[in-house]
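Just below is one structure, and these are the notes that go with it.
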Amino acid sequence: MHPRFENAFRQLPASLQAALRPLIDKPDFAAMLTADDVNAVCEASQLDADALAFALLPLAAACAQAPISNFQVGAIAQGLSGNFYFGANMEFSAVQLQQTVHAEQSAVSHAWMRNERGLRAVTVNYTPCGHCRQFMNELRDAASLRIQLPGRQPATLSHYLPDSFGPVDLQIDTLLMDDINHGATLQNMNALARQALDAANRSHAPYSKAISGIVLETSSGNTYTGRYAENAAFNPSLPPLQTALNLMNLAGEDLSTVKHAVVVERRNAVVSHWAISQIMLAELGCTDVEHHFIEE
């Protein structure tokens, strides 16, 4: 078991500990449960799926990286597939607060990066801020998405974001988590550039058209890709670097172990992630960063 989970795990009921331990003890446990895992744990612990999501919140919050606020937020995204995806807030020292990943963004993008096609509920240990409500409003399932908070009845996202502004107001019909391939290409690709290109091609960037992807390679040899997730309100958009760092953190790898990165984006796009990605990666100790432009 990753050390970050130990304290929260000890607080769980014995029946839930027994059901979860074989899963969470796996060296490759990456902060998600498959639908089969969820069903097995629910049966063994006598919890339904929603109750299990609440019970898992302390484990999700244990994944938080909050060096500025010291405020740990956890979230569980329940996929239409039945899978559970952990999420936690991530803060980055020495760069703007705007680079923060909120727990709901973390859980939603975690599901997206694992190719989940929709969400039925997001369970979180604190009320979602307006930024997160707007971020989730980009989802195909936004109208029916349930938000579940401790001590409150479940309510739809529209309850927490009435009279919302979203993709429909900008005549956008391709939404976050839709299956998409932009079909862009690169010349002279190596294996890492190919992964970053694939991420760019699956980006959600209907407003700027500035598709972008990134791949991070760690000292252990693992790779993590990130896609750009744009938002109708612009500011809640999630850059590809954060999407990749989120996956890396949830997998339990130290962010300081990134040794190489590849950024792929459009040349002369109205939005570029190159400069801020360089700055943030340098703060994490990685200065070996490649920049590739998509063939137009």
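Backbone N, Cα and C atoms are what each Cβ position is placed from, and that goes for glycine too.
With a 10 A radius on its CB, GLU104 (active site, proton donor) counts 25 other CB atoms from all the protein chains. What Swiss-Prot lists as active site, proton donor is GLU104, and the listing cites sequence analysis.
Classification of MET90 (substrate binding site) by DSSP places it within a strand. Listed in sequence order, the residues of the same chain lying 6 or more apart from MET90 (substrate binding site) and placing their CB within less than 8 Å of its CB are ALA64, GLN65, ALA66, THR100, VAL101, SER106, GLN242, LEU245, ASN246, ASN249. Under the heading substrate binding site, Swiss-Prot lists ASN89, MET90, GLU91, citing sequence analysis as support.
Annotation note: CYS129 (Zn(2+) binding site) sits in a coil segment as assigned by DSSP. Residues or ranges marked as Zn(2+) binding site by Swiss-Prot on the basis of sequence analysis: HIS102, CYS129, CYS132.
Positions annotated as domain 'CMP/dCMP-type deaminase 1' by Swiss-Prot, on the basis of sequence analysis: 48-168. In the domain 'CMP/dCMP-type deaminase 1' (48-168), the DSSP tally of helix, strand and coil residues is 40 helix, 26 strand, 55 coil.
The domain 'CMP/dCMP-type deaminase 2' annotation in Swiss-Prot covers 187-296, and the record cites sequence analysis as its basis.
Among the recorded positions ASN89, GLU91, GLU104, the ones whose Cα sits within 10 Å of the Cα of CYS132 (Zn(2+) binding site) are GLU104, in sequence order. Apart from the site residues HIS102, CYS129, CYS132, the chain places the Cβ of ALA103, GLU104, GLN105, PRO128, GLY130, HIS131, ARG133, PHE135 no farther than 8 Å from the centroid of the site's Cβ atoms, the recorded Zn(2+) location. The two recorded residues, HIS102 (Zn(2+) binding site) and ASN89 (substrate binding site), show a Cα separation of 4 Å.
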